[in-house]
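Shown next, in structure tokens, is the structure this report addresses.
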Amino acid sequence: SPAMSRAPGPPDGGWGWVVVFGAFISIGFAYAFPKGIAIFFKEIQDFFGTSYSEIAWVSSIMLATTYGAGPISSILVNRYGSRPVVIFGGLLCGIGMVSAAFCTSILQLYICAGFITGFGLALNLQPSVIIIGKYFLKRRPIANGLAMAGSPVMLCTLAPLNQFLFDNFGWRGSFLILGAILLNCCVAGALFRPIGASTASVKTQVTEEGKGALKEEVTKDAVEMSSPMDVPIETKMQEEGGKDCCEKINQYLDFSLFKHRGFLIYLIGNVLMFLGFFAPIVFLAPYAKHIGIDEYSAAFLLSILAIVDMIARPTTGIIANSKWVRPRIQYFFSFSIAFNGACHLLCPLASGYMGLVIYSIFFGLAFGMVCAMLFETLMDLVGAARFTSAVGLVTIAECCTILLGPPIGGTLIDTFGDYKYMFIKCGAVMVLAGTFLFIMNYYNYRVLAKEEKERKAKEEDPKSVRTANEGRNNWNKETIQDGPELEPLREEQEGLKKEVNGT
């Protein structure tokens with residue numbers, strides 16, 4: 001009955017922990033699967049007789065679809081709630097991998113493993129993040145931290161498991177079994193018991209007016225998830241009234257952000273960074289096999305990376321939240337990107353297995369640092385109210401470079417017959433991105449401080465009669481600049497929310 005299904009507020013526990021467990025599984029698969037599948041690349045490559053860059057597209061398409069389909073996933077969750085979306089996503093993942101086992105050409109692999117499985121993983125990711133926000137408020141940082149740990153834990157497990165499956169069943173058999181394993185996402189989705197308005201909207205047939213009201217409540221839920229400050233909720237609610245589908249989509253993507261200086265700096269830096277972000281993970285195991293390391297040790301490198309990543313993420317979250325780092329988080333983020341690049345630049349110097357183990361440890365640390373701050377820095381720049389839109393726009397833009405990164409790396413490997421140029425390219429790109437973000441954020445803060453000073457001077461000086469025009473310019477500046485850049489501490493209570501959408 002509708003009366004029962006409406007909970008008074010987030011229970012902050014109870015069944016919520018079961019939901020966290022479900023989210024742990026589905027988020028883990030969504031992030032770790034495209035990386036873990038790289039174990040099979042060398043063998044599939046020999047089987048089809050293709051080049052490295054061609055095979056790297058499989059991981060790329062999967063990653064890019066998972067990222068790019070994010071907005072579609074959010075819209076579906078608003079419409080149908082988290083449970084059906086995740087269950088459907090799990091089915092898609094299973095279908096994609098099982099059909100990939102019967103592929104006879106590399107193109108079919110792109111479609112089955114890349115697009116279908118990638119889209120299934122996208123439908124796993126967003127709903128899991130959103131449902132945690134409905135079950136938790138006070139303990140949300142802890143809940144999100146636990147759920148996000150799914151990504152490195154799964155990578156630890158998947159890398160050796162994939163190698164074991166391959167040795168026993170070949171890559172086709174492995175794909176069949178992995179398809180079956182991915183169906184566990186459906187089980188995880190089934191645990192997402194709806195809470196609040198969404199149950200009523202799915203289960204009970206209501207009159208037209210009732211439907212409108214419920215729709216408002218569902219969207220309100222989603223908006224609350226994205227904006228911890230209570231002020232914008234009311235205004236958004238009133239606008240919510242009679243929106244049709246196009247306007248709904250528009251609500252996710254606030255295009256005025258392209259006038260926002262901080263957002264543009266973040267976007268350019270990140271799009272550049274993603275050219276070198278995933279390629280080294282995708283090629284780490286094949287590279288180890290290439291220099292004559294046995295398969296299990298090669299797969300174990302990914303596990304080492306994931307274990308360090310697991311520790312690095314929460315630690316970075318705590319450090320970034322401290323009162324010394326918090327106001328300078330943009331610089332900390334720039335540093336961690338450049339640190340990532342430095343690791344890749346030094347990787348070709350690593351000779352033998354021990355060298356690669358050391359590289360994996362540092363790479364895991366650097367990777368975890370970037371992932372932990374990826375969304376926090378964006379929220380710091382645009383403010384919580386416009387965060388949902390910003391994430392949508394950023395993931396769509398990043399899609400292209402995520403897609404191109406690994407194949408460009410593969411092309412370099414094919415051309416030179418050596419992996420070191422791929423690592424050097426990734427390293428150089430990331431050092432460049434880190435430096436760009438550092439310099440531009442420094443410049444941005446200086447300009448903002450100057451604008452603030454000018455505004456204060458104008459307010460204090462009684463003689464300056466502000467012309468209407470001046471007033472308008474100033475107002476524009478204020479809207480473009482959007483408060484939170486100057487006071488990142490305002491979201492102190494945010495805790496570890498950024499890791500929600502981490503990687």
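Backbone N, Cα and C atoms are what each Cβ position is placed from, and that goes for glycine too.
Because TrEMBL annotations are produced automatically, they should be read as predictions rather than curated entries.
These come from TrEMBL:
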type	residues	note
COMPBIAS	453-464	compositional bias 'Basic and acidic residues'
COMPBIAS	466-478	compositional bias 'Polar residues'
COMPBIAS	487-503	compositional bias 'Basic and acidic residues'
DOMAIN	16-445	domain 'Major facilitator superfamily (MFS) profile'
REGION	453-503	region 'Disordered'
TRANSMEM	14-34	transmembrane segment
TRANSMEM	55-76	transmembrane segment
TRANSMEM	88-121	transmembrane segment
TRANSMEM	142-161	transmembrane segment
TRANSMEM	173-192	transmembrane segment
TRANSMEM	263-284	transmembrane segment
TRANSMEM	296-312	transmembrane segment
TRANSMEM	332-351	transmembrane segment
TRANSMEM	357-375	transmembrane segment
TRANSMEM	387-409	transmembrane segment
TRANSMEM	421-443	transmembrane segment
Stretch contact, the transmembrane segment (14-34) with the transmembrane segment (357-375), Cβ-Cβ under 8 Å, 3+ pairs: no
Positions on the same chain near the transmembrane segment (263-284), where near means CB under 8 A and six or more residues out: 35, 38, 41, 52, 56, 59-60, 63, 257, 298, 301-302, 305, 334, 337, 340-341, 344, 347, 356, 360, 363, 367, 370, 374, 377-378, 381-382, 390, 393-394, 397-398, 400-402, 404-406, 408-410, 413, 419, 422-423, 425-430, 432-434, 436-437, 440-441, 444
Intrachain residues whose Cβ lies under 8 Å of the transmembrane segment (88-121), provided they are six or more past its termini: 26, 29-30, 33-34, 37, 44, 48, 50, 54-55, 57-58, 60-66, 69, 73, 127, 172-173, 175-176, 178-180, 182-189
The domain 'Major facilitator superfamily (MFS) profile' (16-445) [mean pLDDT, rounded to integer]: 79
Interface present between the transmembrane segment (387-409) and the transmembrane segment (55-76) (three or more C-beta pairs under 8 A): yes
Leading stretch by Cβ pairs under 8 Å, where the reference is the transmembrane segment (357-375) and the options are 142-161, 332-351, 387-409: 332-351
